[in-house]
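S.K.: My questions will all concern the structure given below.
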């Protein structure tokens, strides 16, 4: 109606130009307007209520939606006050309000208002800042009167930090132990609580903290320490044991009650006891010392059971008694004898006892039996004891004693015994054994012997066995009874020349005794018996032999006894009776007997005599010397004693067996020591010790000893010893029990566990060292602990006592990883440490940050810079900067928290020219630490400080290594000082050196001890530091001279108060300007003793055996011992190898000798000694040297064979790996492994000297396996190296060469052959062998011709004239020698017409023959008169061959034919005067050929032993006498050579061909080889067996 346009609802599309036209009667008019439509502005993301933690950032979001064509703006209000963003803590960005470092002042309602052309809108939200609750206040504690084990706590509720409290955490500390949580569930509304479950008589402290949604607040202050009242112990002593000590005492031992149940300070124990099972009252004993853990109950009843209980008590009363234990006193001896004893004789040699047991109450133990005692009336020492076991039923007991003497008065008594001993004897009863028949009469003899009568005499029997009532005689069935006083009788009415047997016997009431018999012929008086003859010993065993003999005449009566006398070990010894044999059976034809009870391995010869009624015959001619067989020793070594003992060894000494008790060869005698642990653990160990010979072995008084090594420390051992030889071992000696000395433990404590109980304490627990590894009494334990990866020595915490199993390590670094080890120690030192255990201490509040500086200070802002705390004590979670005006409220700080990585912060909105106090604190999970505080003035007028002034060092405050510096602070430069820096300079030329630590700014004096030296000049200077920087250095002090050490009075006065010969514990502390450090671990020092100043005197080192040196010495002079010598240290090493071989052994006083064992044989050693006491080791002595003795060497290092053929082999061997002395030679022994044609031949060759280690053997049988053994010899032979070889060419060797032939010219021989089978490898050469007809053995003639050779020419002058030779060829390849070719025909070496074919020689020969016949006849006449032959040899070339032929034909006397001794020697020389080849020197070789059952041509078996001894090489041929050798120039051929050419008659050493150069006597000899070169000739062993084998080197012509 009004003409207006209403658009409802409006839309965006309604925008545009609108024209209004008014038309009326008067016309129309229009107007145009533009309509713009905007989107309304509204808050699309309004702020929401928030709760943030103090110090964090709060963001209130506020976002609006608006039309893009309009501009909007945001405004924030806190309450009604608009907020103006300052770019600092409060900022508005895109409508959102951000408040950093929130605090309680930021709490309130915040409104966000958006304004624009399109509309305005406001929205509000509330910001709450919450924080940790404050600590409870006014925490107090009091005892609870109604409960002695609880206390009452009360407090005032703290500020809750704008967050409701959730609960309280209550912690307590018991007896200063680390804090632990008692309960964490105290309700938030509670302000008092009762704390129960506490332990009486302990002190407690409490602290409390509140917990809200933010976390745990700070703890309240600790309460005063409160001690609970004492109570009686709530538990009895534990582990109580009782054991009977004597028959009237019991030892009771126990351990205190568990410590938590002490309920106070233990004052002692009450022990009560009574008879077990009886209602009697207890007897009590008060033990007033709580440290005592044992009690001996004495004056008890023997063998009685007691009931025992124990209780501990405190000042509050007696605790509960332990469970009763029962124990018997030990047994005693009976106090009453057996009752109603009766003793009766039941026979002539037995007595019966009957008795009743003693009353039970007087036995005093367990009845072990009865002893029946019987002794002759007048010989109480000859008591016979029979033990009777009490197992007979009934009350009456019976026992027999047998074996008593007949018809003898005895006293008999009996007693009862228990384990401790015998009770009293019953009263002795006298009785006599029954009468019995008597023994034989003695001294039966005949006198007045006629044809018809004789008188018989005798003596009373030795064993009458009763009252002699008479005698009875019997002569050839005629008996006569005689009175008891008759001791002779004349027998009549005899027939002449008749043999009678006479018997005489004594008689008692018991009957006729044993008859003594003899025979005699009437009319023929008996004579002394004849001498036995033809003694022959057979069936020889170790302890007996059979003696066969031809009896002598019986002396016309019966032989009554044979007596064998023996002579031991030589013809100079005394003859002793070794055996007597009675002829009880009156045997007339005894011709042999066995001799018992001989000593094994002993030389004996025997002689025999026989006795008859007249007397004894003369002794027979001694038998041949025999030796009994070996047997094991009969007796053990005696006097087994312990000489010395170390930690791991025992040295034993014993008296060795006399040689007479060896029972075997001395070389095989040794000793075997058996050692085993006394506790039965481990296995028995045997040590064999060879008998030391050459030093009086077996002589009375000599001692042998050995050292047993490798034993366990501090262990009981049982030792016994026996002797042995090659037959076996003898009996064991008595057991010796001893023990090794204590040592350091060989093991460590086990089950080590580590637990951190606080930030500075770690609880270490362990189990003791296993008993097997303790090695002595454990004195205590040491805990070694150090910070992980620390390079210094660890700290040591000592825990005394073997039973200690835990320790609480204190004063540790907080939140630090420690490596912990545990060692046990004995008196001798520490054992090995346990494995490292790593553990970290608990975290704690951190220390203060350091290097707090303010490099930028403005009027309204300050930049704070710091470094993390050096003691973080955990993981740093953040920092708090608190600041306030210095003049304001000291409790009102503005705080800001930053992250753990922040190192700086800028504080703004400060007031200019004001002093502010800043505190910087770090936080870990345990809370906030200590604060670092500094003052800052907000000014821009700052400058560097002035240096300190008036530096001075008062003379009275100067010492030898420190001084006290004073100064006056300079101007601060409008910025507070932070610290000072000090420098020192040593005059005159030293540099300025800075002090190691900063000096706090509030100090005006300080002790200086950094690197100061006594009696040295110094100058000092300082500078000050504030936030701007360092000042200039101050003016230097005047020259300061430190004092000499001698003027330091503190140590002198302190040392004067020490006492001599006392042990002191010393601790050290360090200190700086801040204060003194904790003390070090105590070190034990012995005062009054110093290490010995001189070594032991008169040191002697003597070799005892190949592996033992004995060192003896005297004490150092008394004035140089400087205390009590505890022992000696002996260092020893091989002469030139000290670093590799040095060892040390320790000997304790009073020993002044030691044997160094297990040394290397024949080696020089150097020995030094030093004495030691508790203060340390003295100086070592000068080295003393000695060389161990030689010993048998080890076996040769190898044994090999080369040049193996069917008849020879070259044996070589290596030197012993351990010569153990000077090798003097070798022994080579070889024999076939199986008999060859029934003969097993053993050949022994001794090679003298150590240079030759090969031997060529040439007497083998083809195809036979031989066993070779080689031994080296020093002082004796060592073990042998063994190897087998078959005497045949090896597999793969060549075959025999073919078409062998020899051609001869006037001056040379040419040997031809053709190639045979080459074998498995190519032929590398040929060997030519020759066999002279006068020797019969193949030997090398030409050695190793080239493989292409098919012939070789040899000069004739290499052959011996008149000797036939055979030749053969052997091919050689890499596998060895092959088969030889067929031998050539024999070829004689005849050069010219023999001179004996000349006519003039026949004439000369005839004359010589005639002369020789005449000389032969003359010599036979001389020999016929002398009946013996004499040798004309000088004795240097004598070989004796003895042959025995026994002709025994029935009863003919045996005829023994001894061959003559042959002493002829023939030397055969070659043409042109050349000598026969030199034979090996006896200094090099010794041959012995033991041929068992050599088979001769005629089939006879003859055992032959031949010893070959050569003339020494240094004796020329001309020195031999004419009777010993022939003329030096023999013809080239003779009838002698005719015999010598036959091997049947002659066998000699190999001759040397002409042109061969002889070696020196020490080198044997060589053979010249072919033109290709000379090779060494090998020593050769040749053994020939024929019907008449001559001795090598002598003519076989007889």
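Positions of Cβ are set from backbone N, Cα and C atoms, glycine also.
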S.K.: Between 1464-1484, 1548-1568, 1569-1589, which stretch does TrEMBL give the note region 'Disordered'?
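M.R.: Of 1464-1484, 1548-1568, 1569-1589, TrEMBL gives region 'Disordered' for 1464-1484.
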S.K.: Give the range, chosen from 1375-1398, 1399-1422, 1423-1446, that TrEMBL lists as transmembrane segment.
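M.R.: Transmembrane segment, as annotated by TrEMBL, spans 1399-1422.
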S.K.: How do the residues of the domain 'Fibronectin type-III' (848-942) split into helix, strand and coil according to DSSP?
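M.R.: The domain 'Fibronectin type-III' (848-942) comes out at 0 helix, 50 strand, 45 coil.
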S.K.: Checking distant contacts: for the domain 'Ig-like' (1-36), what same-chain residues at least six beyond its ends satisfy Cβ-Cβ under 8 A?
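M.R.: For the domain 'Ig-like' (1-36), there are no nonlocal Cβ contacts.
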S.K.: Would you mind splitting the domain 'Fibronectin type-III' (531-631) into helix, strand and coil residue counts from DSSP?
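M.R.: Counts, helix then strand then coil: 0 helix, 44 strand, 57 coil.
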